[in-house]
Structure formats: C-alpha cells, structure tokens
Amino acid sequence: GIGGAFQCGLQISIINSPAEYIKSFIRETWLKRYGSSPNEEMITLMWSFVVSIYSIGGLLGSSSAGYLSVRFGRKKAMLFANIPALLSAALMGLSRLCGSFEMIIAGRLFSGVCGGLALSIHLMYAGECAPRKVRGLIAMTASTAIAIGKFVGFTLGLREVLGVDALWPVLMAASAPPALVQLLTLPFFPDSPRYLLIDKKDKEGCI
C-alpha cells in the first residue's frame with residue numbers, strides 16, 4: 001500500500017499547508033519575469049490550476065490502469081506507477097530552484113497520474129493475491145493506506161516539520177520516499193494468480 005493508495009492520500013492532504021508559500025512564490029516569479037505584480041485574480045487562477053490539475057492526472061491514471069495491468073501484469077503496473085511519482089517529486093522539489101511555478105503544475109499532474117494508477121491497481125492486485133477467507137479484509141487496506149497517507153501529509157505540513165517557507169519544496173517532493181521503498185521491495189512480491197492464469201495462460205505459475 002505504501003506505493004499504492006498511500007500516495008493518493010498523501011497528495012490530497014499535502015497541498016493544504018504550503019498554499020500561502022506557493023502563492024507568494026508565484027507572485028515573486030511573475031514579478032521577476034514580467035516586471036509587474038500579478039493581480040489577485042491571476043494568483044487565484046494559477047493556484048486553482050495547481051490544486052485541480054491533480055484530478056485531471058488522476059483521471060488519466062485511472063483510465064490507463066486497466067490496460068497497463070493486463071498488458072504488463074499487476075506487479076509491473078504498480079512499479080510503473082512510481083515513475084510519475086518520482087518525476088512529480090523532482091519537478092516540484094526543484095521548482096523554486098529553477099524559478100518556475102509551471103513545474104509545480106506539471107508535478108501535480110504527474111502526481112495525479114500516479115495516484116489514479118496506484119489506487120486502481122492496488123485494489124486489483126491486493127484483492128487477487130489475497131486468500132479467499134481474508135479477501136475483503138485485504139481489499140480494505142486500500143482505504144487504510146489512503147487514511148494513513150492523509151495523516152502523514154498533514155503531519156509533514158505542520159510548521160514544526162516541513163510546513164515553513166524554506167522547506168515547502170521538500171514537502172511537495174514527499175512522494176519520492178514511498179515510491180523508492182516500493183521500487184526496492186515490490187520486485188520480491190509474487191504476481192497476481194488471476195493475471196498469470198487468465199492473461200498469461202500460465203497455469204503452473206498460478207498454482
């Protein structure tokens with residue numbers, strides 16, 4: 001779940017605390033580029049893009065989850081979901097250094113793709129791998145992972161942790177550690193028996 005539904009919960013909650021810092025960054029960047037301060041309507045519009053484009057990414061990710069999980073298998077599809085997570089972390093983490101608020105918007109789009117992919121495939125993969133007696137319980141771990149992700153996001157956003165002006169790019173790049181953990185651990189997990197039997201026609205591997 002750490003690279004699955006956890007990522008979705010993390011990205012939903014993590015955007016709340018650095019709101020004012022990101023708006024100030026957009027204002028400063030705009031002033032440096034164009035020599036004039038943007039009006040409040042423009043700041044609100046840019047901030048709206050930062051927040052809402054996550055949903056567009058989520059739509060793209062969840063729409064492609066079915067194809068990827070059949071084409072490459074549940075495990076490989078879950079591993080692929082970490083690519084947009086790491087790309088998102090790199091873009092948002094380096095946005096201040098590069099003086100580009102567009103990188104935050106692009107990063108949020110990629111984090112949405114990761115969230116949509118990971119949440120959809122997590123449910124599929126966990127449900128298909130679970131023994132019949134505990135299948136419902138295992139499927140519920142997706143909801144638990146979302147809740148833990150939200151909690152971690154809110155905790156990291158506290159002023160005593162990363163919720164300060166100097167550290168908001170680090171906060172926005174928080175999707176990288178769980179993605180790296182999953183990249184290192186998931187290759188040792190088995191593939192879905194259903195995928196092996198139905199899609200790969202590997203009866204022996206399924207058993």
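Using the three backbone atoms N, Cα and C, a Cβ is placed for every residue, glycine included.
Copied from TrEMBL, the annotated features are:
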DOMAIN    1-207  domain 'Major facilitator superfamily (MFS) profile'
TRANSMEM  45-70  transmembrane segment
TRANSMEM  77-97  transmembrane segment
TRANSMEM  103-125  transmembrane segment
TRANSMEM  137-158  transmembrane segment
TRANSMEM  170-189  transmembrane segment
Dominant neighbour of the transmembrane segment (45-70) in 77-97, 103-125, 137-158, 170-189, by Cβ pairs under 8 Å: 103-125
Folded-back contacts onto the transmembrane segment (103-125), same chain, C-beta under 8 angstroms, at least six residues removed: 1, 3-5, 7-8, 11-12, 15, 22, 46, 49-51, 53-66, 68-69, 74-75, 77-78, 80-82, 84-85, 87-92, 94-95, 139, 142, 145-146, 172, 175, 179, 192
For the transmembrane segment (77-97), sequence-distant contacts whose Cβ falls under 8 Å of one of its Cβ atoms, 6 or more beyond its ends: 3-4, 7, 25, 57, 61, 65, 68-69, 71, 103-104, 106-111, 113-114, 117-118, 121-122, 125, 168-170, 172-176, 178-180, 182-183, 186-187
Mean per-residue pLDDT computed across the domain 'Major facilitator superfamily (MFS) profile' (1-207): 93
